[in-house]
């Protein structure tokens with residue numbers, strides 16, 4: 001049994017911090033790797049910015065619907081194992097991903113730190129709109145307003161509710177497991193600064209990450225690691 005298995009068995013309050021590397025095995029590209037979403041694109045950050053949404057809503061809509069949605073993607077071993085652990089323990093998943101795969105796998109306590117593509121709303125009347133409706137048109141059939149996905153765009157702040165839920169879970173956790181992220185994007189990478197100092201931290205990632213305090217690094221394929229838990 002590896003150290004992570006042992007720690008998961010002993011822990012009572014677990015937080016998983018997940019990034020793009022968790023969803024890549026499900027066929028969803030990450031952003032910045034050589035085969036990622038941004039590869040070969042001239043201004044992807046602008047296309048996913050608040051400015052683009054306001055100034056060029058048609059261009060924003062085309063980019064998002066053509067590049068961001070993978071409705072046929074299925075959870076992989078990482079998602080399903082985390083959901084299984086949640087059935088037995090107090091587990092909170094705080095994810096940078098916006099693809100809804102943790103929920104699709106059955107996880108209930110998920111903080112979508114950057115929002116979710118599968119929650120959309122009309123900017124004019126505030127009504128919730130299904131992703132299916134948004135994928136057909138970004139104009140709300142009810143009031144004619146422009147629909148947007150409830151995700152955090154460049155130039156936008158993380159919702160306070162997501163930060164509050166994340167900090168509450170982090171402070172209570174006796175085990176924190178960072179999975180599939182380089183853990184360099186702020187404020188997500190600052191969450192562990194608010195941990196209970198007795199909490200153990202593990203990181204499972206294909207590349208080494210760095211933290212300013214002790215943690216256990218598993219430089220490995222997260223799918224293999226979670227398939228063996």
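Just so you know, glycine gets a Cβ as well, placed from its N, Cα and C.
For 114, the entry in Swiss-Prot reads active site, proton acceptor. Reduced to three states, the DSSP call for residue 114 (active site, proton acceptor) is coil. Counting every protein chain shown, the number of other Cβ atoms lying within 10 Å of the Cβ of residue 114 (active site, proton acceptor) is 19.
The Cβ of residue 20 (NAD(+) binding site) lies under 8 Å from the Cβ of 28, 30, 31, 96, 97, 180, 181, each on the same chain and at least six residues away in sequence. Summarising the annotation, Swiss-Prot assigns NAD(+) binding site to 20, 32, 96, 98, 99, 114, 181, 182, 205, 223.
Around residue 98 (nicotinamide binding site), the same-chain residues at least 6 positions away in sequence with a Cβ under 8 Å from its Cβ are 68, 112, 114, 115, 116, 117, 149, 151. Secondary structure at residue 98 (nicotinamide binding site), taken from DSSP and collapsed to helix, strand or coil, is coil. Here Swiss-Prot flags 98, 99 as nicotinamide binding site, drawing on sequence analysis.
Annotation comment: Swiss-Prot describes 1-229 as domain 'Deacetylase sirtuin-type', evidence class sequence analysis.
Counting only same-chain residues six or more apart in sequence, the Cβ atoms lying under 8 angstroms from the Cβ of residue 99 (NAD(+) binding site) belong to 23, 26, 28, 70, 73, 116, 117. A helical conformation is recorded for residue 20 (NAD(+) binding site) in the three-state DSSP classification.
In the three-state DSSP scheme, residue 181 (NAD(+) binding site) falls into the coil class.
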